[in-house]
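> This structure is in structure tokens; I'll ask about it shortly.
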């Protein structure tokens, strides 16, 4: 009995330390990365003409606008839901009755609303690249204009915001200070529709399908036309494909956790400490998508790296010339 309690304490301590260390690290990296994303995508989207050789990257602004909105949504997720998750799991903060709305109801509303907005805009950016790279003229004509893209984004935000309003009413505080859904009907809807379908299976299948189709179309076009804009489209397609892989990695453990909670919700879990450790790991993986987007862009896209270097001031080598008395030439000193 004593050894089992000691083991549980070790698991809990390890889980809390993992959440504190990796959670704070992810907050710092996510804040820096998404702020740089917003800055770079704003410059690209607003610039009519680019003076550098990478101007073809701005051939279509729709994808940039979708990624800009996704970066804003990721920034909000990191500022509020991720930071409070560190507070709950890392420092074992317990919610009081007066804090139910801020730390329970409103928190889960913000988390799922902006996470769905981020996923949906990434899916729309992937679909936009698929339409642009298509050899079918009718599909290319389906590509929306700037005003239509803005209308689509506004509709997405309003629809998701209204859809998630029941979260505010159904999440409540349990006797041990946890945020739970007490309605059995909505708990199944929340699990299978919101968490598994909308935040898991649907974006994974959508991004995988259109990411692969876009790559195939770009390879076909490159055989007939080796222009620079195809290289830019290929970079964006590769960037979005890597994001989809990140979404797959981050979504699966979180879905498994929620299925386990529903199936074994009425049983006494003997390995609650090990389950808490799995919960911490799945939570960290869940926040990988909003945190890692900038670093995926940086690794996969040379245009993105070039634009970032333009923002960072470089030290210029200054040469000083000393005129010699016995010679008409000047000697440079670096």
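Even glycines carry a Cβ here, placed using N, Cα and C.
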> What range among 276-299, 300-323 does TrEMBL record as transmembrane segment?
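From TrEMBL, the annotated transmembrane segment range turns out to be 276-299.
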> Hey, which bits of the same chain come close to the transmembrane segment (276-299), Cβ under 8 Å, at least six residues off its ends?
11-12, 14-16, 18-19, 22-23, 26, 29-30, 32-34, 36-37, 70-71, 73-75, 77-78, 82, 85, 89, 115, 118-119, 239, 242-243, 246-247, 249-251, 253-254, 256-257, 305, 308
